[in-house]
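Written out below as structure tokens is the structure these notes cover.
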Amino acid sequence: MQFSIVVMAALASLASAQSMDGIPTCALQCLAQAVVTGGCEASDQACQCGPAREAITAAATPCLLSACTDAADLATAASVGNGMCDKYKMGGDDAAPSPSVNTPAAAAPYPTAPAPNGTVPIGTAAAPSPTANTNETTTVATGSAPQNVAGGLAGIFGLVVAAAFAL
């Protein structure tokens with residue numbers, strides 16, 4: 001069970017790295033092969049972060065554990081791949097944007113009253129508070145954009161490394 005949770009959390013990190021910087025050479029072939037086994041193109045993060053996530057992780061994990069015997073290599077790769085699918089799903093770095101969201105406004109934590117002589121009473125802020133407005137809606141177009149091969153592979157490696165540490 002713990003392995004599955006870590007694998008899913010790691011899989012959620014598939015889409016932000018845009019280069020192979022920091023990915024150990026021992027991992028490259030395993031990752032490339034796992035992406036193909038999962039049925040995705042190396043540059044297709046929509047596939048890697050979606051329907052093929054479990055298949056890619058299942059294919060890459062035993063290979064990486066065998067090929068990368070240095071724990072430091074696994075840890076380094078995990079830090080590089082961290083956050084990739086989350087970033088992809090949030091629309092970061094050439095990723096497909098997420099659909100629009102309408103969030104209700106948060107209530108003020110306490111009422112405020114004007115202060116005499118332009119001072120700010122304790123417990124209030126001079127700058128506007130970061131609360132949402134119920135009348136505001138953020139709309140973002142949906143779609144996908146090609147990603148470079150390194151970004152997809154780095155994210156998958158981060159997933160597999162996290163899974164390995166959970167064992």
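In case you wondered, yes, glycine gets a Cβ from its N, Cα and C as well.
Taken straight from Swiss-Prot:
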- 18-112: domain 'CFEM' (DOMAIN)
- C26-C68: disulfide bond (DISULFID)
- C30-C63: disulfide bond (DISULFID)
- C40-C47: disulfide bond (DISULFID)
- D44: heme binding site (BINDING)
- C49-C85: disulfide bond (DISULFID)
- N117: N-linked glycosylation site (CARBOHYD)
- N135: N-linked glycosylation site (CARBOHYD)
- G143: GPI-anchor amidated glycine (LIPID)
| task | Look at the disulfide-bonded residues C26, C30, C47, C49, C63 and tell me which residue has the greatest number of other C-beta atoms within 10 angstroms of its C-beta. | result | C49
| How big is the gap, in Å, between the Cα of C40 (disulfide bond) and that of C49 (disulfide bond), rounded to a whole number? | 10
| remark: CA pair C63 (disulfide bond) / C26 (disulfide bond), Å rounded to integer, equals 10
| remark: Around the Cβ of C68 (disulfide bond), other Cβ atoms found within 10 Å total 22
| query | Taking the domain 'CFEM' (18-112) alone, what is its mean pLDDT? | reply | 71
| remark: Those disulfide-bonded residues from C26, C30, C68 that fall inside 10 A of the residue listed as 'heme binding site' by CA distance are none
